[in-house]
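Everything on this sheet refers to the single structure shown next.
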Amino acid sequence: MSPVNASGPFLRLSGLSLSFGAYKALHDLSLDIGEGEFFSLLGPSGCGKTTTLRLIAGFEAPDRGNIWLAGDDITTLPPNLRDTNTVFQSYALFPHMTVWENVAYPLRMKGVAKAEIATRVDDAIAKVNLGAFAERLPHEMSGGQRQRAALARAIVGRPKILLLDEPLGALDLKLREQMQHVLVDLQKSLGITFIYVTHDQGEALSMSDRIAVMSGGLIQQIGTPEEIYYRPANAFVADFIGKSNRISASPNPGDAASLRFGPVDIPRSRVAGRAQPSAVALRFEALDVQPEGRCDVTFDARIARVMFLGSVIEVVMESGGQMLTSHVPSRKGLALKVGDTVPAGLLFDDVVYLDD
Amino acid sequence: MTRSSEKLVKLVSSASPGLIYLWLLALVVAPNLVLFGTSFFKASAGLVTDEVTLRNYAAVFQSRTVLVLVMRTLVTAFVAAALASLVAYPLAFYVSRYMRGMKQVAVMLVVIPLWISLLMRVFAWRVILGENGAINSLLVTLGILSEPSDAFLYTRFAVVLTLAYMAIPYVFVSSFTALERVPESLLEASRDAGANRFQTFTNVVWPLSRQGLAIGFSLAFLLAVGDYVSPSMVGGLNGTMLGMVIASQFGMAGNWPLGAAQAVILMLAVALILAVIGYLGRSKGIIQAVDSGAGATLKRAATLRGRIGQILLKLAVTLPYLFLYAPLVVTLVFSFNDSRVQTFPLTGFTLQWYRELWTNTALIEAFQRTLFVAVLSTAAGTVIGVAFALILAYRVRAFGNVLQLALAVPVAIPGIVLGISLAIVAQFSGLPQGLPRVIVGHLSFVMPVIMLIVLTRLRALDPSFVEASLDLGATRMKTLLHVLLPMIRSAIIGGAMLGFTLSVDEVIVTLFLTGTEPTLPVYVWNQMRFGFTPSINAIFTLIGLISVAFVLCGLWVINRTNARTLRA
Ligand SMILES: Nc1ncnc2c1ncn2[C@@H]1O[C@H](COP(=O)(O)OP(=O)(O)OP(=O)(O)O)[C@@H](O)[C@H]1O
Ligand SMILES: [Mg+2]
């Protein structure tokens with residue numbers, strides 16, 4: 001248990017494990033998060049996101065492993081002494097206190113002077129646009145308003161880390177997008193580290209500096225949104241993020257070092273240095289129909305289905321006995337018809353090799 | 001669907017709010033009006049004359065003794081309720097927050113003594129506190145006292161102790177229910193905001209649960225203030241309470257108007273105190289459904305660190321249970337003791353009292369009467385209570401809360417006042433003396449209890465269930481039968497069980513209504529004053545064991561059905 005030196009990461013989780021009875025919720029989880037970072041935990045329901053947050057907040061103690069914040073080991077520190085605040089999945093606003101009283105609560109507990117409380121609470125309430133609702137009780141407000149009140153209560157104490165557990169889960173699409181902007185702006189202006197739990201990949205991709213993709217109590221990949229999206233580390237991430245064709249691959253009978261999947265052969269130069277992958281992933285939008293730009297390979301495919309999705313059109317086609325799905329921009333795809341045979345193409349760089 | 005539930009449905013669907021008014025008139029308005037009226041007439045030679053007067057009230061306010069008695073009664077009841085709260089609330093807090101597997105058992109253990117005759121428990125206290133009682137024997141044996149002391153029994157202390165004892169389960173249940181409704185996430189949010197455990201308690205747990213405590217406290221206060229059985233059994237002269245004096249005005253002293261005036265004054269004082277308590281215990285805001293459910297973390301359950309702290313904590317949790325069960329153990333032990341007098345030390349083992357049970361026809365008849373009254377009043381109370389709850393929940397638009405409160409009045413009236421007012425009305429109404437009066441009397445408080453429990457459940461139901469059912473083409477009748485009744489079944493069963501318990505155990509109201517046919521508690525009450533047979537210990541031990549078995553079976557069935565509903 002050596003302390004992390006001052007130049008180490010702001011928050012370090014090292015080797016955290018936690019079981020509920022016989023069920024292992026977290027296996028040996030390690031993670032470094034930098035100061036001022038907007039960090040997201042992304043994963044399917046039940047993968048351990050909330051549990052991880054609860055460990056950081058101090059509501060749960062790990063069976064094994066340690067948590068360091070700014071160089072101090074806080075593994076056993078009780079939650080009221082930690083410099084973290086949580087926006088709860090269920091808001092957890094105190095039902096017997098008005099919005100104002102809720103927001104004032106952390107400052108009161110810290111023994112901040114009355115006058116300062118007043119200005120800081122008003123300030124926090126203004127930041128989330130709830131000025132008109134300060135005197136309301138939680139049950140007299142809508143879900144989105146409660147959400148914002150919970151946010152104000154969590155930021156008013158200027159914690160070092162703000163933990164947000166699916167804070168936008170209960171909101172409609174419009175309000176959600178609006179709140180996403182509020183959150184990102186808030187994070188930039190406050191400079192607080194945000195750890196954001198969500199199972200909505202759009203949210204994670206658009207807001208985060210970095211993302212950890214989790215599954216079954218394990219971290220699958222950590223990276224920037226671009227890395228996660230374009231270079232998934234394994235089949236799980238490729239499946240979970242965005243929409244991909246998953247195609248089984250085999251060595252080319254003619255050249256054992258190159259790879260064949262569906263109608264496509266990938267030359268040995270592009271596969272070099274990898275163990276023989278058993279499958280590849282290809283994002284829907286990486287497969288172009290009637291390509292106009294540069295392509296590494298093109299082939300003919302017969303259109304089996306066309307579906308209009310708004311900004312894109314989903315085209316399912318067949319080539320060399322392999323079904324492939326593509327997303328093409330709507331304007332370009334409007335002329336496509338079922339039964340047509342069209343050229344399709346892709347770049348080798350967009351192919352993700354999966355070895356599982 | 002069974003025949004009886006079909007009948008219930010018919011009854012309910014044809015019922016209208018008019019029935020509620022009828023009930024209110026007969027069992028709430030009339031008794032109180034008559035009592036109030038009687039207090040303004042002059043009494044002469046044991047009869048009520050037709051001369052209107054304020055003399056009865058003047059008599060109360062001019063008599064120092066009566067005024068002192070009123071004060072003493074209120075203070076005693078208040079202290080008893082406070083004492084019960086001091087024991088029950090912390091216990092409820094501990095069980096609710098820090099117990100996991102044993103939680104249900106811990107709750108049941110507090111509730112079970114309610115199923116065992118109150119009279120019997122009070123009597124057992126007499127055995128414990130008396131000069132030849134358990135405490136004295138213990139203290140003398142240990143050499144702390146050189147000879148038995150008479151300082152325990154027949155004192156105000158004994159009265160307070162007994163009244164507090166009786167109240168603990170009520171305060172516990174009420175506080176526990178409130179505490180269980182405080183979601184774990186709020187406590188975490190408070191800790192997260194920097195509050196320590198103590199601050200979290202004072203700022204979050206207490207404001208959200210004090211209403212439950214206030215309700216329990218009020219109940220305890222009511223039970224104590226209207227009681228005259230316990231004071232006359234363990235209080236002696238020093239422990240006299242107003243209830244005993246009022247009762248004597250309707251008995252030996254034969255001055256009904258004066259007794260009525262005293263009762264009215266008692267009732268007003270109680271109402272005032274309850275209003276203050278209700279105000280202090282008022283709650284703000286509504287706990288959102290979305291907050292609940294979050295899994296409580298019990299890993300950090302231990303508050304007191306270290307081994308000594310743990311031992312002290314265990315002891316503090318065990319003591320209330322010892323207190324609750326001491327009288328029951330005494331009853332059980334003496335049912336096997338081969339002496340006619342209930343004193344320590346024990347003399348020897350016998351089954352004689354159990355054998356005598358079968359030959360004591362008066363006792364058996366009293367027992368049968370008790371069952372008869374309890375079954376009838378519970379059955380009628382359940383049908384009417386469910387019907388009224390449905391009417392209040394779905395039919396009455398305006399004044400629903402007022403009606404609900406009015407219907408609950410008999411529960412909130414001190415037992416002695418309820419008994420007397422019902423007795424006066426029964427006298428006027430021509431209802432035959434004896435069991436019919438007793439049944440109606442019991443109905444007056446059994447029905448509201450069942451109704452309130454069912455109504456609470458109905459109000460907590462998502463209205464969309466009913467709407468969904470109607471939307472899916474079910475008639476109102478079918479909705480009731482297939483949707484509503486199954487969902488409130490456990491509330492109905494719980495309410496009926498509570499109503500049954502209340503009826504079986506009732507003494508005070510029954511004493512005023514029964515004639516020459518005593519129920520078991522009244523029979524025991526008479527026995528205790530005019531000669532006691534230990535067979536009573538035996539029958540209560542049996543009843544106690546049977547009811548515990550009954551309760552455990554009930555719990556088991558409810559658990560099983562709950563599990564099935566969850567799975568489905
Ligand atoms: N108190 C508990 N007791 C037992 N099991 C638990 C407890 N808390 C969580 N779990 C289990 O641990 C796993 C991880 O739970 P967690 O709440 O962290 O999931 P999550 O990723 O936040 O999911 P969601 O997106 O649905 O909120 C789940 O399988 C859950 O059932
Ligand atoms: Mg979660």
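Positions of Cβ are set from backbone N, Cα and C atoms, glycine also.
For the transmembrane segment (B:20-41), the residues of the chain that approach it from at least six positions outside its boundaries are 48-54, 56-57, 256-257, 260-261, 263-264, 384, 388, 391-392, 396, 403, 406-407, 409-410, 413, 417-418, 420-422, 424-425, 428, 440, 443-444, 447, judged by C-beta separation under 8 angstroms. The transmembrane segment annotation in TrEMBL covers B:20-41 (among others).
Under the heading transmembrane segment, TrEMBL lists B:69-93 (among others). Within its own chain, the transmembrane segment (B:69-93) is flanked in space by residues 60, 110, 156, 159-161, 163-165, 167-172, 175-176, 179, 205, 213, 216-218, 220-221, 224-225, 239-243, 245, 262, 265-266, 269-270, 273, 316-317, 320, 323, which lie at least six positions past its ends and keep a Cβ under 8 Å from the stretch.
As annotated by TrEMBL, domain 'ABC transmembrane type-1' applies to B:70-277 (among others).
Taken from TrEMBL, the feature transmembrane segment covers B:105-123 (among others).
Annotated transmembrane segment per TrEMBL: B:157-179 (among others), in sequence order.
Sequence annotations record features per position, and here TrEMBL assigns transmembrane segment to B:211-229 (among others).
Summarising the annotation, TrEMBL assigns transmembrane segment to B:260-280 (among others). Counting residues 6+ beyond its ends, the transmembrane segment (B:260-280) has Cβ neighbours under 8 Å at 35-36, 38-39, 56-57, 59-60, 66, 70, 73-74, 78, 210, 214, 217-218, 221-222, 225-226, 242-243, 245-246, 249, 412-414, 416-417, 420-421, 424 in the same chain.
Under 8 Å from some Cβ of the transmembrane segment (B:311-336) lie the Cβ atoms of residues 87-88, 90-91, 94, 109-110, 113, 116, 120-125, 127-128, 134, 165, 168-169, 303-304, 342, 346, 349-351, 353-354, 534, 537-538, 540-541, 544, all in the same chain and six or more residues away from its ends. Residues or ranges marked as transmembrane segment by TrEMBL: B:311-336 (among others).
Annotation source TrEMBL lists domain 'ABC transmembrane type-1' at B:367-554 (among others).
The annotation transmembrane segment is assigned in TrEMBL to B:371-393 (among others).
Residues or ranges marked as transmembrane segment by TrEMBL: B:405-426 (among others).
Annotation source TrEMBL lists transmembrane segment at B:438-458 (among others).
Annotated transmembrane segment per TrEMBL: B:479-502 (among others), in sequence order.
Positions annotated as transmembrane segment by TrEMBL: B:536-558 (among others). Packing against the transmembrane segment (B:536-558) from elsewhere in the chain are residues 104, 108, 111-112, 115-117, 120, 328, 331-332, 334-335, 342, 353-354, 356-357, 363, 367, 490, 493, 497, 520, 524, 527: each is 6 or more residues past its ends and has a CB under 8 Å from a CB in it.
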If you count CB pairs under 8 A between the transmembrane segment (B:371-393) and each of B:105-123, B:211-229, B:438-458, the winner is B:438-458
Given the transmembrane segment (B:405-426), its same-chain partners at Cβ distance under 8 Å and 6+ residues beyond its ends are 20, 23-24, 27-28, 30-32, 34-35, 38, 218, 222-223, 225-228, 243, 246-247, 250, 256, 259-260, 263, 266-267, 270, 274, 388, 433, 437, 440-441, 444-445, 447-449, 451-452, 508-513
